[in-house]
Every structure is written in structure tokens, then in C-alpha cells.
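Taken straight from Swiss-Prot:
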BINDING   His10, Asp14, Asp86  Mn(2+) 1 binding site
BINDING   Asp16, Asp86, His108, Asp160  Mn(2+) 2 binding site
Amino acid sequence: MEHVVYVVGHKNPDTDSVCSAIAFAYLWNKWKEGGNVAKMMKIEAEAKPVIQGDVNPETKYVLEKFGFEVPEIMTNGEGKKVALVDHSEKAQTVDGIDKAEVVAIVDHHKIGDVTTPQPILFVNLPVGCTATVIKLLFDKTGVEIPKDIAGILLSSILSDTVIFKSATTTELDKEVAEELAKIAGIDDLTKFGVEIKAKLSAVDDLTAMDIIKRDYKDFDMSGKKVGVGQIELVDLSLIESRIDEIYEAMKKMKEEGGYAGIFLMLTDIMKEGTELLVVTDYPEVVEKAFGKKLEGKSVWLDGVMSRKKQVVPPLEKAFAEL
């Protein structure tokens, strides 16, 4: 087994999964030099951040702004030591995970189905962003946060919490963001957040499938394969002319992939709501989950900003009741 720990986020990487991998790899290597963590675990392998796919324009912008290279792509973990950030589900992790050695998991989602034969470093907190958890690990273990790392951690929080508008946002996320902003030299969090999110609103050069897959995850919902994607926009008018094209691509994806349903969240950051595009064999799950009957291709969900907290749980419950 290689003497390297590959720190990796989920498939279809977003800003939090990429930047958290970079920041946690940096932190791990600081732990390797000594300090409090050595009292708990022996660290011999050097950490290296990797990603499972191409970065989106928002992440690319953040990395360039704070002087980081895009990490290498690694999709198979067989025979490798890996640390998982921003996920703990097999469907979202590297191939060959059962033949990898998982040495750490740092996350903010529900606990997934990745298991280990021995105890590991496992930190999972109910906050809005994995970057928030990593910042706390820096503090708890007495490692100073450099300006560039502070910048990407802050960007991750603003991205994942949708500038603190997402239902997943906690007061701790806001406090941590303020502390990181001071280190990174960012004065106006809202302005910087809009600057970041605007990069994801550029969809003209994307294919319909690119839009669906930009921030997309597969789920097993009571034995049924369900996909939920999300694209965040500063204005839904930017994508209105593409709806029919996207819908047809979703139908094709559903048929070819054996899905019970594919749901695409078109989230309007400024209006604070989501137009949910739906292709499913079970249209009744929409009413069960959200209290609104599906008429046509989509349904508007006022105040819905978070896939993790406001879309996936009610869908899981609805599919379980079929």
C-alpha cells in the first residue's frame, strides 16, 4: 500500500469538497510534524488532495483567486490510504473503496455506508459546510491557518450555505466565516459570496447534461435509484430557455440509468427558492414530499435552498411510503 494518504471529496466535486480536501491535507501534514494529534494517532504518511472529476467554474475561480492548483483526479482508491471529506457514502466515493484503507472521515452530512475494520478519525458535525468542521479542527489541534487556506475555507462556507441563506446554515458557520474573513482579508462577506456564486450562473456554454451533473448525487431510496442534482443561479431567467432541453436530457438519463426518478433543483439565490424539475415513475412522491402536486415538468418550492436538508429527506420518506 502506498505511503500517501489521498484526501478526496465526493463525485461531481463542488467547492466545499475540493477546498476541504486541500485544507485537510495541509492540516494532516502539519499533524505529521508533531503536536497534540500525535498523542492520539501515529501519522507517518504524507497527505495529498485529489478530486474525482473536473472542477466547476466557481471552484476554479476560488482556487485561482487564492493561488492553488487544481488537484489531480483520482477515481479509484483500491490499494490506497484515503481520507474522505464532505461525504461518507459508497455511491459518492472513489471506486474500490472496499479495498482501500480509510484513515479518516470529515463531513457534515448524514452518516453513510462506508465502514472500516478499525477505529479511525471520524468527525461529523451538523453544520452547513465541511470547511466549518475543518476550521474547528485547526483550532482544536493548535494549527495556525494560513491566509490562502482561510480564503478557500471561507469560500466553501459561502458556497455551501448559499451565502448563509440555506436551511443548513448554523450560527457556528457564520462565526467561523467571520473569523476566516479576517485572516483572508475579505471585508464584505455578502459581496464576496455573490461574486463566487455568480460563477455558477454561467450556463450558456454548458450542455444540458453538464447542467444536470454539475452538482449531482445518486441515492438509494427504499431500494429505488434516485438522482438529485442542483444548480444555483442568481436569476432563473438565465436558464428558462433551456428547460425543455434539460428535461429531455433528464428523461434520457432516467431511462438509460434505470432510475425511479431524477430531480433537478434550479435554485434562485436571490428569490430564495427552487424550481424543482421532475422526471419520475412516481409523480405522487412530489406531493407526499413537498405538499404540492406536480403539474407539468416542475414545481416551485418557496424557501427551499438545501438538497441535503430540504429535498433529500422528504423524498426518502415519500419513497419509503410507496
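Yeah, the Cβs are placed from backbone N, Cα and C, and that goes for glycine too.
Taking the features listed in Swiss-Prot, we show where each one sits on the structure.
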{"residue": "His10", "record": "Mn(2+) 1 binding site", "contacts (Cβ under 8 Å, 6+ apart)": "Ser17, Gln52, Asp86, His87, Glu89, Gln92, Thr93, Lys217"}
{"residue": "Asp14", "record": "Mn(2+) 1 binding site", "contacts (Cβ under 8 Å, 6+ apart)": "Asn56, Glu58, Thr59, Asp86, Ser159, Asp160, Asp215"}
{"residue": "Asp16", "record": "Mn(2+) 2 binding site", "contacts (Cβ under 8 Å, 6+ apart)": "Gly9, Asp86, Cys129, Thr130, Ala131, Ser156, Ile157, Ser159, Asp160"}
{"residue": "His108", "record": "Mn(2+) 2 binding site", "contacts (Cβ under 8 Å, 6+ apart)": "Asp86, Asn124, Leu125, Pro126, Val127, Gly128, Cys129, Thr130, Thr132, Val133, Thr168"}
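Looking at Asp86, Asp160, the binding-site residues in this record, the fewest other C-beta atoms within 10 angstroms of the C-beta turn up around Asp160. For the recorded Mn(2+) 2 site, residues Asp16, Asp86, His108, Asp160 set the reference point as the centre of their Cβ atoms, and the other residues of that chain within 8 Å of it by Cβ are Asp14, Ser17, Ser20, Asp107, His109, Gly128, Cys129, Thr130, Ala131, Ser156. DSSP assigns Asp16 (Mn(2+) 2 binding site) to a helical segment in the three-state reduction. Same-chain residues with CB within 8 A of the center of the His10, Asp14, Asp86 CB atoms, the Mn(2+) 1 site residues themselves not counted, are Gly9, Asn12, Pro13, Asp16, Ser17, Val18, Ser20, Val85, His87, Gln92, Thr130.
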